[in-house]
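Residues annotated as active site, proton donor in Swiss-Prot, with sequence analysis given as evidence: Cys115. If you look up Swiss-Prot, you'll see Lys22, Asn23 marked as phosphoenolpyruvate binding site. Here Swiss-Prot flags Arg91, Arg120, Pro121, Val122, Asp123, Leu124, Asp303, Ile325 as UDP-N-acetyl-alpha-D-glucosamine binding site. Feature annotation from Swiss-Prot assigns 2-(S-cysteinyl)pyruvic acid O-phosphothioketal to Cys115; the stated evidence is sequence analysis.
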Amino acid sequence: MDKLVIKGGVPLEGTIRVSGSKNASLPILMASILLDEPVIYRNVPRLRDIHTTNKLLGILGCPAEFQGDAVHVRPCDLNPEAPYELVKTMRASVLCLGPLLARLGEARVAYPGGCAIGARPVDLHLSALEKMGAEFELDSGYIVGRCRQLQGAHIRFDFPTVGGTENLLMAATLAKGETILENAAREPEVIDLADFLCACGADITGQGTDVIRIRGVERLHGCEYRIMPDRIEAGTFMVAAGITRGNLLIEDCPDDALDAVSQKLRDMGLHVSREEGGTRVRYQGHLESTDIVTHPYPGFPTDMQAQFMALMCVADGFGMVEETIFENRFMHVLELVRMGADVRLVGRTARVRGGRQLRGAPVMASDLRASASLVLAGLAAQGETHVQRIYHLDRGYESIEEKLCPVGADIRRVPE
């Protein structure tokens with residue numbers, strides 16, 4: 001197992017490129033199950049979760065392999081069972097449920113695992129699929145689903161669930177009749193999935209709004225598709241520029257998907273602008289804290305909450321962070337406190353007293369975004385920080401040390 005050793009206090013300057021989106025790649029790769037022809041995905045990040053998904057697709061009958069930055073998938077003899085050995089490591093594996101039911105009329109998917117940052121129940125997925133004619137039972141830790149043919153339905157989500165919207169979006173493409181999804185998630189990754197499905201012959205309208213209409217088609221064909229850039233990686237690099245008092249040009253930055261993040265950075269005193277070649281984020285001599293409340297898109301993303309808390313620790317003044325999406329998403333707080341941060345928790349709210357000089361310390365990552373927060377804190381801290389359990393980080397960031405070192409970071413990966 002590896003750890004990152006970071007010597008902080010160096011402003012980051014230069015150009016850094018954003019990889020393809022993990023959260024767009026996972027459902028789009030799962031959508032391969034719906035196709036009856038080969039497909040090529042470009043701009044796919046080389047991450048642990050992507051490699052796990054490729055292995056899972058192979059077991060399900062869709063052999064997938066990297067060729068350069070592209071993943072080639074060849075759907076062939078489909079298998080309805082997603083085994084526990086792979087599913088236990090990644091919650092997104094439940095996204096194969098809808099496509100399997102749509103193609104085979106059956107699915108046997110182990111109950112999902114992944115980051116321990118909240119319940120993230122799959123009941124929203126199951127109850128919606130039941131309205132389309134599926135039946136489910138839990139058998140020895142597996143979700144077992146069956147149907148003759150999925151039927152179009154009018155479905156309203158109690159909460160704009162991203163995974164639920166994606167699962168139903170995929171299932172409905174091959175269903176009989178029209179499916180309407182109300183209170184659907186509006187995230188850019190949902191739009192990317194819908195755009196991919198349309199490129200394969202699906203009939204979908206309304207993506208990006210809270211009402212999506214899908215008219216089922218007989219089949220979906222293959223295509224070549226480029227995955228959108230990763231808005232959370234881009235946001236993390238934007239915070240890195242601020243927390244190190246640096247100046248970064250971020251290439252392939254999906255600006256339109258980061259309005260809430262960019263505005264909060266401006267509120268804190270950073271220069272953020274679009275220019276030829278990317279998005280510029282520059283420290284302007286002062287950082288002032290702010291308040292953050294996480295919301296579904298287009299609100300402030302929960303996946304950027306931990307990174308902003310690290311930034312608020314070194315900014316002047318007091319700030320509040322309220323987490324409304326997931327419970328248990330403040331596990332990075334105790335590690336930041338070990339580095340000298342002043343953060344107090346009350347329920348789902350964190351009160352951050354800024355203006356602190358963080359100091360290097362051994363810290364332990366508890367989930368993907370918490371690990372990013374600790375890396376950012378290490379970049380700003382005096383002395384040396386050791387971030388342990390970085391397998392969480394590798395699930396969502398493509399060789400982060402190889403991207404940060406060329407812009408001035410002193411960060412290296414070593415065995416524990």
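Placed from the backbone N, Cα and C atoms, the Cβ positions cover glycine too.
Locations of recorded Swiss-Prot features on the structure.
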residue : record                                        : Cβ contacts under 8 Å, 6 or more apart
Lys22   : phosphoenolpyruvate binding site              : Pro45, Leu47, Asp49, Ile50, Asp230, Ile232, Glu233, Arg395, Gly396
Asn23   : phosphoenolpyruvate binding site              : Val162, Glu187, Glu189, Asp230, Ile232, Asp303
Val122  : UDP-N-acetyl-alpha-D-glucosamine binding site : Val94, Tyr111, Pro112, Ile143, Gly163
Asp123  : UDP-N-acetyl-alpha-D-glucosamine binding site : none
Leu124  : UDP-N-acetyl-alpha-D-glucosamine binding site : Phe157, Asp158, Phe159, Thr161, Gly163, Gly164
Asp303 (UDP-N-acetyl-alpha-D-glucosamine binding site) CB neighbourhood, other CB atoms within 10 A: 21
C-beta crowding around Arg91 (UDP-N-acetyl-alpha-D-glucosamine binding site), within 10 angstroms: 19
Number of Cβ atoms other than its own within 10 Å, given for Ile325 (UDP-N-acetyl-alpha-D-glucosamine binding site): 20
